[in-house]
């Protein structure tokens, strides 16, 4: 797997730490390699600054120190050091619980008072015996423990919850199909073990994901959901320092239910089209979905297993007007495809002959000022989620779908209804009214 899968990424954040090492690297993966190989201290996280390709390996993560906003810097934290729960008997537990199940503070592993320890950082350098955190260096069947600061009690076990406790039901809903858009299970902890915030409360994080604005998304209790087309279900957390995080929900082993028949013709927007047409309406051959040349993109088949992204066939994974594809022409990023309608009477509705070839628009780039952008990105440059355009919470505004009928103000997708310099959105963070979106401008070789 990708080395970055072991890290949790937070955009636009800098953390203050004394113990760090500076390296020059070309990308985030090289920086992760430096963190893995760090010998000056236990590397829990790294900062990567894209503009100057600066890599800082860190002994601390955001749970242990102060964070600041830093536009061009991304924080990558090792997931194992964010876990607040234990897997199995917890030999790999690296959380920060530092008291016993009875509430007695733990003795530091490197100290000899009040108890002289058999397990020390020197004797067991790979056991994570740092500070006075609960650990399981001897693979005790009862889980993580520590020497206590009570002279009368040499050691005791710690009350670390099981990560598996978050999946308490084994019903059909406890695994996810596709990207979990239809997941309706009751997992309510994030992948690092944090408890989820209820969708109907605004503490500790205010947000715009309210049931009445997303009636089909089943935003019940504090269950993990995917209301906005993320890679998998997530939730806001009850930790004031971590706004949201993905949930660890297993992918179902059974194949997803087929929604009707995989269509070989155009019905509606063609989201269920699974035919083999692989040429655009102007005659350009389609680029294979699993390649990044000549156009780099985010519609990777492994990430979106239910979108039918096979070979280089025309598809509609993002709710576009009709099926499309990236082209093998380096000057034209993407185009619609001509798919025969299922019902010939739909010929006029489908508009096969009168849809102009628009400027390329995708989930990750825009043309000009982005007023024609119709992708599904819903995250800002600093990583904040977008507020739905039809919502007035947490920010009241006049950029509503009925006032701007031609701007396609659907859901909470990034748009540019007012001729700003690039697509933007109102954010679900009450302290930030709006921000530009995390989108790049397309290389436009066609406009003069």
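Heads up, the Cβ atoms here are built off N, Cα and C, so glycines get one too.
Where the annotation comes from TrEMBL, it is an automatic prediction and has not been curated.
Among the features that TrEMBL reports, domain 'Apple' is placed at 1-80. For 84-163, 174-252, 264-342, 364-442, the entry in TrEMBL reads domain 'Kringle'. Positions annotated as disulfide bond by TrEMBL: 175-252, 196-235, 224-247, 265-342, 286-325, 314-337, 365-442, 386-425, 414-437.
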Item to check | Tally of DSSP helical, extended and coil residues in the domain 'Apple' (1-80) | outcome: 16 helix, 36 strand, 28 coil
Item to check | Site with most surrounding Cβ atoms, counting all protein chains shown within 10 Å, from the disulfide-bonded residues 175, 235 | outcome: 235
Checklist entry - Between the disulfide-bonded residues 365, 425, where is the Cβ count within 10 Å the lowest? => result 365
Next on the checklist: Tell me which of the disulfide-bonded residues 247, 265, 342 ends up closest to residue 414 (disulfide bond) in space, Cα to Cα.
Outcome noted: 247
Next on the checklist: Tell me which of the disulfide-bonded residues 325, 425, 442 ends up closest to residue 196 (disulfide bond) in space, Cα to Cα.
Outcome noted: 425
Checklist entry - Long-range same-chain neighbours of residue 252 (disulfide bond), Cβ under 8 Å, sequence gap at least 6? => result 175, 176, 177
Checklist entry - Closest of the disulfide-bonded residues to residue 365 (disulfide bond), Cα to Cα, picking from 286, 314, 325, 437? => result 437
Checklist entry - What's the CA-CA gap between residue 442 (disulfide bond) and residue 342 (disulfide bond) in angstrom, rounded? => result 34
Item to check | disulfide-bonded residues: 247, 286, 342, 414, 437 - member with fewest neighbouring CB atoms within 10 Å | outcome: 342
Next on the checklist: Of the disulfide-bonded residues 286, 314, 325, 425, which one has its Cα closest to the Cα of residue 342 (disulfide bond)?
Outcome noted: 314
Checklist outcome for this item: What DSSP reports for the domain 'Kringle' (264-342) is 0 helix, 16 strand, 63 coil
Checklist outcome for this item: DSSP puts the residues of the domain 'Kringle' (84-163) at 1 helix, 13 strand, 66 coil
Next on the checklist: Excluding near sequence neighbours, so keeping only residues 6 or more apart in the same chain, what lies with its CB under 8 A of residue 337 (disulfide bond)?
Outcome noted: 277, 279, 280, 281, 286, 314, 322, 323, 324, 325
Next on the checklist: My understanding is the cutoff is Cβ-Cβ under 8 Å with a sequence separation of 6 or more in the same chain; which residues meet that for residue 386 (disulfide bond)?
Outcome noted: 228, 378, 379, 380, 412, 413, 414, 425, 426, 427, 428, 437
